[in-house]
Amino acid sequence: MTVTSARDDHQYEVPLLNNTEEIIHRIEDDLDGHEDQEDVDYMVDYRGERIVFENNKSKFGGWKSAGLIIVVDIAEGMAYYGISSNLINYLTGSLGQSTVTAAANVNTWIGFIWMLPVLGAVIADSYLGKFRTIIFSTLIYVLGLGLLTLSVVLPSLIGSLDCVDNNSIFCNYPSFQGIFFFFSLYLVAFGRAGFKPCVQAFGADQFDARNPEECKSKSSFFNWWYFGLCFGSSISRLFLTYIQDNGSWGLAFGISFISLAVALIVFLLGTQTYRYSVKVETVNPIFRITQVFVAAAKNWRQDPPLDTVQNEEIQKSPLRIGVHQFKFLDKALSKLPDDPTTMTKNGTKCSISQIEDAKVILRLVPIWISCLIYAIVFAQYSTFFVKQGNTMDRSIGTSFKIPAASLQILLSISVFLFIPLYDCAFIPFVRVFTGKPNGITMLQRIGAGMLVSALSMVVAAVIEKRRLLVAVDYGLMDEPEATVPMSVWWLAPQYIMIGLADVLTNVGLQEFFYDQVPDSLRSIGISLYLSILGVGSFLSGFLISAIERITGGSNHYSWFSNNLNRAHLDYFYWLLAGLSLIELAAFLYFSKTYLYKRGTSP
C-alpha cells in the first residue's frame, strides 16, 4: 500500500494494514528534522516501522525474502516461456500464418512485452509503489493467461456445435479464435508490464546497498535471480513444448495459467517478511527530472549561474561526479522571476540534486542505444533458431522426436553452468587482482557478453550454410517438409553461446540500470533494461520485413522464404554478426567515458 501523509505528498510503500492512521502518525514523526532535505530513503517492515539492524542483520528482508521472490520468478518464468518459447510454431501451425508473418507477430508481441514495463515502472515509482503494482499487474497477467487458454480450447468447443445458421459468427471460429487469441496475448503483455520490473527491483530492495556485506549479496541476487528465471523457463522448454508439439496447446497454456496463480499466492505469503522502501519526496520523481529539461530549455539563452553558494552546493552534492558533463542542464539553476511559485529556497527553478539526477539519466542514453543490436541478436533464438530446428533430424532413439523449441533448454543449461561459475569462482578470483567487489565492472561484463553474442552469429551462419549444403546434396531443395539428414544438435553451439552472452550481458544490464538510476527510480531502471529487449524485438521485426521486401520477388526466394532450404538465414546471421561488431566498437567508446554514479560499485 502507498500511504500519503496528511501534511504533504510524501509516499510510503507498505502493505495494506488496518492501523493506517498509526502508520501515518509514525511516519510524520520520522519526518521531523528533515524538512530541508529533498528526500529520505530508508526501509520499513510490513507494519510501517523502521527496520533496525542488530549486528548488521535484520529479521526482515535479506536472502530469506529475496529467495522467496526468486521462487516467484521461477513460477512466472515457467508461465511466460510456456507461451513464448513455441509461439511461432502455434502461429504457423494452428493459425496458418507464413513464416515471415509469424516471425513479425512474435517480434512485435515480444517488443511490447519488453517495452510496456516502462509504463508499469512509472506507475510503481510515481503512484502505487512496487508492492501494490506487483499484485494488481499479476491479477491482470493471470486473467490474460486464463483467456489465452480459453482461446486455444475454444475452437474445439465451437466445432462441436451444430452450425445450422451459417451466418453465425461462431461457425467461422478460426477468425474469431485469432482475434480472441491476440487479445489475450496482449493482455498478458499488459499484466507482465507491471510484474517484471517491479518484482525484480523489489527483490533487490531486500538488501541494503549501504551495508558492505548486503551490497555483495545484492550483486549476487541478480545472478541467482536470472538462474531462477532460467530454471522456470527450462521446465517450459522441456515439458510444455513437448505437450504443445503433440497437439495439447490448451493443456500447456493451462499449466502456465496455474503456475502464475501459484506465483501470486507465494508472493503474498511473504508479505510479513519483506522490507518496503520509504521514499519521501516533495514532488513526483519523474516530474523532478522532467522539470530540469524544461527549465534548461526555457533558459537556453542564459549562462549557468556561478555564484559561491551554488558552487558549494555542487561540491556537497552526493552525485557530484560528472558535474562538468552536460553543462547545458545547469541552465536550469537560473532564476525564473516569472514563476515564483516553483522556486527553491535559493530562488532557482531546480535544485542541484534534481540536475544531478537528470545528468545521471542522460549518461545512460548512449549505453542504452549501443545495446540494441545485441537485443536483435537475442530475439533470434525464439524464432529462426526454432524454424531451423524444425527442418533437421530431431530423433532420439527410434520413436522419440525432440521438439525444436525444446532445444532452447541448451540456453538454460549454459546459464545453469555459467552463473555458479561466474558468481562463485570467477568473481572471487578476479576480485583478488582488481579489488572490485564485483571482480570486473558492470560495463566490462556487458561488453564481454556482446562479443560472445557477435561470435554466436558467426557460428550460426556457418552451421546454417552447412545445413543448406546437406539439403542440396540430398536433393531436398524443393521439399521443405522433408527432414534434412543433419542432426538438430548441430544447433547446440549457437544456443550455448547465446546463453553465455545472456549471463554476461543481460544480467549485467539488469544490475547496471538498477544501480545507476536515481534511487527513487529503480523500477524504471529495470524497465529501461527491459526496453532494450523490447526495442530490439521491434527492430528485428522491422529488419526482417525490410529484407523480405528487398530480397523477395516473383522470381526470387527471399532470405526468409517459407521453404528454408531455398532461404538464406546464413546471410541474415552474417549481417547481424557485422552489425554486432560495429555496435561493440560504439559500446566500448561510450564505456570509456562513462562515469558511475557516486555511492555505487562499478
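Every residue gets a Cβ built from N, Cα and C, even glycine.
The transmembrane segment feature in TrEMBL is assigned to 66-88, 108-128, 135-158, 178-195, 224-243, 249-269, 360-382, 402-430, 442-463, 526-551, 571-590.
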Highest-contact recorded stretch vs the transmembrane segment (108-128), from 135-158, 178-195, 224-243, 526-551, 571-590, CB pairs under 8 Å: 526-551
Within this structure, do the transmembrane segment (135-158) and the transmembrane segment (249-269) have 3 or more Cβ pairs under 8 angstroms, counting pairs 6 or more apart in sequence? yes
Sort out the residues at least 6 away from either end of the transmembrane segment (66-88), same chain, that have Cβ-Cβ distances under 8 Å to it, and list them. 102-103, 106, 109-110, 113, 141, 145, 148, 185, 188, 192, 195, 199-200, 202-204, 206-207, 217, 221, 224-225, 228-233, 235-237, 240-241, 244-245, 252-253, 255-257, 259-260, 262-263, 266-267, 269-270, 273, 382-383, 386-387, 403, 405, 408
Contact set, same chain, for the transmembrane segment (360-382): CB under 8 Å, 6 or more residues outside the stretch: 84-85, 87-88, 106-107, 110, 289, 319, 322, 325-326, 329, 405, 408, 411, 443, 446, 449-450, 453-454, 456-457, 460, 495, 498, 501-502, 505-506, 509, 512-513, 516-518, 521, 528, 531-537, 539-540, 543, 573, 576, 579-580, 582-583, 586-587, 590-591, 594-595, 597
Segment-segment contact (the transmembrane segment (224-243); the transmembrane segment (135-158)) at 3 or more Cβ pairs under 8 Å: no
Cβ under 8 Å to the transmembrane segment (402-430), counting only same-chain residues 6 or more beyond its ends: which ones? 85-86, 89, 220, 223-224, 226-227, 230-231, 233-234, 237-238, 241-242, 244-245, 381-382, 385-390, 392, 394, 396, 436, 438-440, 488, 491-492, 495-500, 502-504, 507
